[in-house]
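This report refers to the structure that appears directly beneath it.
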Amino acid sequence: MSPSKLDSTASFGHEEASVSRSRSENGSADSLSLFHSEKAVEELLQQTPVAGMDEHLIEFSEALRTVAKALRRAAEGKASAQAEAAEWKRRYELERTRNIQMERKARMAERLSAETKGCIDCGRVKNSDNQLMQQNESNEHSEKICMNNGIWSHEVLCDRESDSNSNADLNNMMNKASFKLSWWCNGENGDQHKHDIVSFEKGDITTAERSSKQISLKWESDPQTVLILTKPNSVSVRILCIQMVRWLKEKKKLNVYVEPRVRTELLAESSNFNYVQTWKDDSEITHLHIKVDLVITLGGDGTVLWAASMFKGPVPPIVPFSLGSLGFMTPFHSEHFKECLDSVLRGPISITLRHRLLCRVVRDAAKNEYETEEPFLVLNEVTIDRGISSYLTNLECYCDNSFVTCVQGDGLILSTTSGSTAYSLAAGGSMVHPQVPGILFTPICPHSLSFRPLILPEHVTVRIVVPFNSRSPAWASFDGKDRKLLAAGDALLCSMAPWPVPTACQVDSTNDFLRSIHDGLHWNLRKTQSFDGPRET
Ligand SMILES: NC(=O)c1ccc[n+]([C@@H]2O[C@H](COP(=O)([O-])OP(=O)(O)OC[C@H]3O[C@@H](n4cnc5c(N)ncnc54)[C@H](O)[C@@H]3O)[C@@H](O)[C@H]2O)c1
Ligand SMILES: Nc1ncnc2c1ncn2[C@@H]1O[C@H](COP(=O)(O)OP(=O)(O)OP(=O)(O)O)[C@@H](O)[C@H]1O
């Protein structure tokens with residue numbers, strides 16, 4: 001072996017020792033020494049081979065070079081992962097601050113509304129914003145009384161837009177039917193309260209009240225305006241819509257809103273329907289929740305999803321009639337629409353407050369501009385999948401600041417409990433009662449034997465990132481619609497939205513849920529075993 005080779009090998013050995021020593025030090029020192037070791041290997045390999053050089057030595061050197069490269073990448077990866085984690089922590093804090101501010105704003109608006117409507121005289125009161133502020137203190141006592149017995153409709157029906165409302169919107173809001181939500185359970189008297197869930201007394205923690213009791217909606221003033229949303233291209237839906245509009249207007253004296261398409265259809269039927277109201281452009285949809293007391297849907301679950309998607313903030317109570325094939329969220333039968341609507345308009349009715357997820361796409365290219373794209377609100381789920389790509393999806397998942405897992409498979413479903421009977425169920429997720437608050441974390445065809453679905457608590461923010469080493473981009477879709485491309489470095493943030501979807505129940509939320517899985521899925525249907533046969537003695 002030539003002296004130069006010996007020198008190089010010795011110097012390489014020295015570099016290796018320095019690599020292992022520096023491994024315990026910080027990431028940049030790691031990178032530097034690894035760089036040197038790699039350089040030494042490069043130099044060794046660039047030397048003209050001496051005749052008769054041992055081939056094993058070349059192989060050995062190449063192997064060492066590969067090891068050195070891998071170590072350098074690991075060190076660099078660690079440094080960049082740390083930087084990325086710090087960046088996400090910053091964004092997460094921003095998101096939290098933003099949510100807290102939004103909640104504060106909503107609470108302020110709630111107080112204003114409660115004072116004017118619920119607590120002053122529960123009727124139609126007209127007041128300017130300034131007057132509302134002045135009455136704030138004097139009405140605090142009566143407000144407390146209201147809060148103790150349930151939630152006023154105005155607490156549910158307030159959002160960002162109402163803060164900057166024009167007087168017209170304020171007047172519209174004053175004309176909305178007032179209602180109250182209260183919690184009850186079997187064996188207890190009428191009005192139950194929204195209590196603290198745990199109590200702490202003399203060192204003992206006990207569960208005081210469960211939050212998920214059946215919720216009951218009681219009108220404080222009569223509903224006046226109804227919005228009917230219908231599944232397109234269905235003859236049975238069109239016929240029912242005609243009958244319902246007529247009955248609501250002539251017998252119930254209600255204002256009726258429909259979509260522009262439906263108004264055209266009604267007018268084609270008869271010019272008498274010109275009392276039916278609609279909107280001209282989509283921007284008016286953002287103010288619908290201020291005008292509408294009740295939403296009626298005629299169709300399947302997709303029409304309920306459609307109705308929910310029209311309300312980017314608070315949602316009025318929805319009465320879903322079943323004119324589809326399955327109908328997990330549509331408990332009302334169209335044949336009895338008059339009796340059903342009579343009892344809903346009279347109240348009180350049981351409702352299911354269906355949670356929604358607020359989803360935000362954050363682009364890697366726009367890391368410094370925090371809010372770049374409109375958020376999506378989903379009632380069923382957000383799906384992140386491989387779209388048309390035939391490569392495995394690679395998704396890094398975090399819950400708040402903790403790493404959850406890396407999904408390698410067809411994709412991932414983040415579902416609400418209402419959506420637990422939809423796509424998440426098909427992907428192997430559990431069915432969950434819609435009143436349970438939580439986020440279902442269900443993989444789609446994971447390429448691993450041990451990936452089981454999770455259910456995360458309601459207060460977390462889930463972050464899904466497409467890593468830079470992903471072979472293909474991913475696609476996000478929201479309640480099966482609005483596909484968005486997620487390129488490498490892009491992320492999707494998902495947390496519980498502050499605006500649930502209240503849907504009227506046929507009986508109550510538990511009965512309706514169980515009936516839907518029995519009727520819709522034939523859940524656990526089996527012939528009962530016969531009595532005759534072997535028996536334990
Ligand atoms: N493999 C699957 O099961 C699969 C695939 C894609 C989408 N979906 C679901 O379809 C939904 C969109 O529904 P659509 O009606 O607009 O599309 P669609 O017309 O394609 O109908 C999808 C089916 O899902 C059912 N469905 C919707 N929401 C449900 C729920 N909460 N519980 C039980 N079943 C439900 C509908 O009744 C319908 O039969 C998506 O949110 C997704 O959950 C399911
Ligand atoms: N008012 C509407 N405008 C536009 N699209 C709508 C409207 N209502 C429903 N849709 C869409 O029509 C599709 C089918 O609706 P829906 O699920 O209600 O009917 P279905 O498929 O017959 O019933 P099921 O889902 O029970 O089989 C859904 O994708 C939904 O988003």
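Placed from the backbone N, Cα and C atoms, the Cβ positions cover glycine too.
On a predicted model such as this, the values are computed, not experimentally measured, just so you know.
The coiled coil annotation in TrEMBL falls on one of the ranges 71-98, 155-182, 323-350, 407-434, namely 71-98. Per TrEMBL, the stretch carrying the note region 'Disordered' among 1-31, 187-217 is 1-31. Confidence for the coiled coil (71-98), expressed as mean pLDDT, is 68.
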